[in-house]
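Enquirer: Just dropping this structure here.
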Amino acid sequence: MSSSDGELVEEVITNDGDSGASDLKQRLRDRTKTVVQTKEILSKQATQTKAKIAKQAVKIAKQAEEHERFINKVTHFLGVFGFGGFCYLLGARPQDIPYVYCLFYVIFVPLRWIYYRYKKWHYYLLDFCYYANTIFLVNLLLYPKNEKFFMVCFSFAEGPLAWALIVWRCSLVFNSVDKLVSVLIHLLPGVVFFTIRWWNPATFEAMHPEGTAARVSWPYVVQDKTFLLNWLFWVPLAAYTLWQTLYFLIVNVLRRQRLLRDPEVMTSYRELSKKAQKANNVWWRLSGVLGDQNRMLMYILLQGLFTVATMALTVPIFLSYRLHVVFQILKVSAAVWNGGSFLLEVMPRQVILKENKKKLETKPVSAGEHDEVGSGHLAEATMKMSNSAEALQPQQE
């Protein structure tokens, strides 16, 4: 082969190599472009789906408001019969109470999200009570025989959740789905863990409920105070701290700008601050000890102290059947009493204000001065409605 032929072969090989590399680069660019386009399409579809769900949630909530009276009647009817059925089940088959609770939670919490999304209250679903209830669900469905996990859940249920029911004055009102769900979210977990702690069928026959002999202890309890303190106080407190950290990051860091843009979006801190400032009570003064700019920090600190105190009280409750029974009665009594106060004092004012507002909005006017008068009355009614906001807001959880 001559030198010219060799050079020709080398040139062909070089050209083929360059062409192959160029094709490979082009294929990689095409694949990258396809991946980017696919991501954009999926992101767009996800955004559209989210918007459709939010729009549908608003539509459902508006329809519910239009038929509020009928829904309240149905809710009252079902609530009374449901409460009676629950009491029967509590005595006849206490082992089934955990499953009733799980069914309630998976049905009503998604419905509550729909309603709260419409009201711009959906950040309430980041509150500790929903965090704790989700943990309860995991314990009851996936780890029902894990005694340590049970004790952590017991501390949540009979600690912060139970005392929130009393302190925040949750009301047992059968004709209000929102208030009924609020009460049950705080009350049911304690009843569930009470039945597991004391009325477990595996040990129920030996418990002697009539008091003729000492009740046997729960089979998993170790008679070690350190063990009890760790799993009823320290571990639950660590889990609470994790929630508080996540809540702060989500609400005060990741979603801060979103909340600043829309003051109508409610969070627990906004609601409590609004009520405390209006009442100028001890909580408002305490939260301002470090200055107005540090009220959020003081709110977190006060909530932490509340959690520490209520979790500490779960230790004697866990060890005493009689004390636990008294505590169950106290919780139910508080919810029923607050419900009576709401029905007799708050609800009549709400009905009158709503009716007056509807009349003013639909009243025909013919002259400019009538417009001015009507606007004044409407503004006055709106102000009254605003002053009654705490009665309409969901109870703190």
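One is the number of the first residue shown, and numbering goes on along the chain from there.
Backbone N, Cα and C atoms are what each Cβ position is placed from, and that goes for glycine too.
Remember, TrEMBL labels are computer predictions, not curated facts.
When I checked TrEMBL for this same protein, it listed these features:
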REGION    1-24  region 'Disordered'
TRANSMEM  70-91  transmembrane segment
TRANSMEM  97-116  transmembrane segment
TRANSMEM  123-143  transmembrane segment
TRANSMEM  149-168  transmembrane segment
TRANSMEM  180-199  transmembrane segment
TRANSMEM  231-254  transmembrane segment
TRANSMEM  296-319  transmembrane segment
Enquirer: By a Cβ-Cβ criterion of under 8 Å, what residues six or more beyond either terminus of the transmembrane segment (97-116) are in contact with it?
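Expert: Hits for the transmembrane segment (97-116): 57, 60-61, 64, 86, 89-90, 122, 124-125, 130, 133, 136-137, 140-141, 144, 177-178, 181, 184-185, 188-189, 191-192, 195-196, 394.
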Enquirer: Select the range from 123-143, 180-199, 231-254 that forms the most Cβ-Cβ pairs under 8 Å with the transmembrane segment (296-319).
Expert: 231-254
